[in-house]
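Trainee: When I checked TrEMBL for this same protein, it listed these features:
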BINDING   34, 35, 36, 37, 38, 39, 40, 41  ATP binding site
DOMAIN    28-243  domain 'CobQ/CobB/MinD/ParA nucleotide binding'
REGION    1-23  region 'Disordered'
Ligand SMILES: Nc1ncnc2c1ncn2[C@@H]1O[C@H](COP(=O)(O)OP(=O)(O)O)[C@@H](O)[C@H]1O
Ligand SMILES: [Mg+2]
């Protein structure tokens, strides 16, 4: 556990090579439609597993309604994304250094949703991200539940979208609704499907097949089966300890599965050109059609 002081980086690290000139940042958005499916658990553990495999990783919590990335990692934010929007601090002041050097940008619970943010606040975020000088390879974006504009926008701006689904009718229908609007309205052509809380391996594939059948019929989108995370008591214990399961209980079944997912995510084709830079990620957010800024 880090000391309260070392947890909080008052400034972005200096003397780092920065992103420009480095390989583009890969942005992975995690969404699900329905709440409580496991987005934050997946985001936190995927980010930690990527970090452990040597990827410089930043975990961005965009759930201003029900943020809990910082809670899950036992971090104590001094400032959050909500403070950035309110003009109370600079983005780099929200940066927390988590375990294994994972960078975390926390949101804030009980604040306005991304959708309710003013256009100039989006612009402010773009500007702020472009000023960050944190060398990262991968950025994992944890999203709010639902299919509000903010969620769609973050997914659209990412190179890869992981849709988390579990074996509940509402989860499957919400995942379908999310995939539908992403493919029809936002030009997303490839989705990674991750089954969570499965009782056995076959359950995950069955869930995927269910989604695949209906999307193949009605939508023009490619679904990839990323795999399954078992329902795991160790994961719940890790949440209670405010640690990622991959750190707290590395041999737990869910931890093994998360490392496997991270390994596979590392093999996805690298983003080409500068579009993967964090500042471009943010610029794509505001440049998208339908945005109040565009
Ligand atoms: N693989 C899993 N095994 C056991 N419990 C899980 C698993 N994934 C999620 N949970 C439980 O579901 C709860 C909600 O997960 P969370 O990641 O916060 O979902 P979301 O971010 O989609 O709302 C967690 O607090 C945990 O208790
Ligand atoms: Mg969540």
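Placed from the backbone N, Cα and C atoms, the Cβ positions cover glycine too.
Neighbours and distances for these, please.
Mentor: DSSP gives residue 36 (ATP binding site) a coil state; it is part of no helix or strand. Every protein chain considered, the tally of other Cβ atoms within 10 Å of the Cβ of residue 36 (ATP binding site) stands at 14.
Averaged across the domain 'CobQ/CobB/MinD/ParA nucleotide binding' (28-243), the predicted model reaches a pLDDT of 88.
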Trainee: Relative to the mean position of the Cβ atoms of 34, 35, 36, 37, 38, 39, 40, 41, the recorded ATP site, which additional same-chain residues have Cβ within 8 Å?
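Mentor: Not counting the recorded site residues, we get 32, 42, 145, 164, 196.
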Trainee: Using a 10 Å radius around each Cβ and counting other Cβ atoms from all shown chains, which of the binding-site residues 34, 39 yields the largest count?
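Mentor: For the binding-site residues 34, 39, the Cβ with the most other Cβ atoms within 10 Å is 39.
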Trainee: Inside 10 Å of the Cβ of residue 40 (ATP binding site), count up the other Cβ atoms and send me the figure.
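Mentor: Its Cβ shell of radius 10 Å holds 25 other Cβ atoms.
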Trainee: Quick one: which of the binding-site residues (35, 36, 37, 38, 39, 40) have their CB closer than 6 Å to ligand 2?
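Mentor: The qualifying binding-site residues are 39, 40.
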